[in-house]
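Visitor: I have a structure here, written as structure tokens, and I will follow up with some questions on it.
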Amino acid sequence: EQKIVKAGDKDLDGQLDFEEFVHYLQDHEKKLRLVFKSLDKKNDGRIDAQEIVQSLRDLGVKISEQQAEKILKSMDKNGTMTIDWNEWRDYHLLHPVENIPEIILYWKHSTIFDVGENLTVPDEFTVEERQTGMWWRHLVAGGGAGAVSRTCTAPLDRLKVLMQVHASRSNNMCIIGGFTQMIREGGTRSLWRGNGINVLKIAPESAIKFMAYEQIKRFIGTDQEMLRIHERLLAGSLAGAIAQSSIYPMEVLKTRMALRKTGQYSGMLDCAKNILSKEGMAAFYKGYIPNMLGIIPYAGIDLAVYETLKNTWLQRYAVNSADPGVFVLLACGTISSTCGQLASYPLALVRTRMQAQASVEGAPEVTMRGLFKHILKTEGAFGLYRGLAPNFMKVIPAVSISYVVYENLKMTLGV
């Protein structure tokens, strides 16, 4: 009852008035219709025991035909041992959506795609998935997918960092020119500078974000398996901020490693020692404030656009199934990530320049505000979007590679 009130209460007064109740029922009935159609494999307007067995098996839940018949009997009013739409709707209408055989499992684990930026919100897991250890398999598959995806798109990522730091009106670095310059300076291997630490930080960042997200969910005080969108945004942004704060020195190292010249450092540890001895511990937190400020617009816009696109597609085009399908999810993920990056890109550029300050000869120590003013004065608003082209070029391959590797790793790990 509390869940129904929470789902339908639009004006947040703790009560359902008649209009809110009708709206909840209409919205709920749409979802029930989608689930009914996806269960009705024979398209004859009725669900029998075999169809229930098959549908639950598709969701990874194995039951016998006798168990399926018990489920049928609880809904079957006229003794036909099949359920028509009216029986299905009447039985479920006043049950919250979580009590339906997990329609959300069709597309629940779909926010894992890693485009080498901050992952929006950690994946959510049911109680059963936590108990059976499925949650860590999903996280391992996601981490592996992220590592492969970042490695494949690392040359574009390094080019983005170089353009963010060195490109200006007088030095208008283009994509081909940037690649040529990198190869001339350090050979083909130099295209992957900074990728080692970029891959290395996936595991601690994902683990801290997941643990923080679970704790924040408890603190919010919700008992729902799936949070509402504003709760996910709040929990995801806070978890992202905690994870980023924990691994931020690795972000600075990644930028310095990507900008280094041939022979400047022998490796990650040498780079870290060099920064520590010459600039002190504070250098590992340069650009921290714009980085934190960038998490909220990125996470907020990414999540809001993703949910809106996915739900719009489901309402308009989902006729026979509650599963949007791979290509719809990939398209939603790509568009939402692009919108999120557009909104937070100026902050990301300022962060990278602050991280790189000591590595650029003659660069003065500047604050975030000072850097914004300097860029706007010398390069105009366009200067805040240097490196955007290679950044966008890597979104589609990164999402696609992530998806293919993620699905294959899930199968290997038995998810």
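Residue numbering: from 1, along the chain as shown.
Heads up, the Cβ atoms here are built off N, Cα and C, so glycines get one too.
What you are looking at is a predicted structure, and each value in this text was computed from that prediction instead of being measured.
The domain 'EF-hand' annotation in TrEMBL covers 27-62, 63-98. Look at TrEMBL and you will find 133-219, 227-312, 324-412 tagged as repeat 'Solcar'.
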Visitor: Which numbers of helix, strand and coil residues does DSSP report for the repeat 'Solcar' (133-219)?
Guide: 73 helix, 0 strand, 14 coil
Visitor: Counting each residue once, how many in the domain 'EF-hand' (63-98) are helix, strand and coil under DSSP?
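Guide: Each residue of the domain 'EF-hand' (63-98) counted once, the result is 21 helix, 2 strand, 13 coil.
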Visitor: Taking helix as H, G and I and strand as E and B in DSSP, count the residues of the repeat 'Solcar' (227-312) in helix, strand and coil.
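Guide: Its residues fall into 73 helix, 0 strand, 13 coil.
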Visitor: Over the repeat 'Solcar' (324-412), what does the predicted model average in pLDDT?
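Guide: Here the mean pLDDT over the repeat 'Solcar' (324-412) amounts to 83.
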Visitor: Could you give me the DSSP helix, strand and coil counts for the repeat 'Solcar' (324-412)?
Guide: 75 helix, 0 strand, 14 coil
Visitor: Within the domain 'EF-hand' (27-62), how many residues are helix, strand or coil going by DSSP?
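Guide: Each residue of the domain 'EF-hand' (27-62) counted once, the result is 23 helix, 2 strand, 11 coil.
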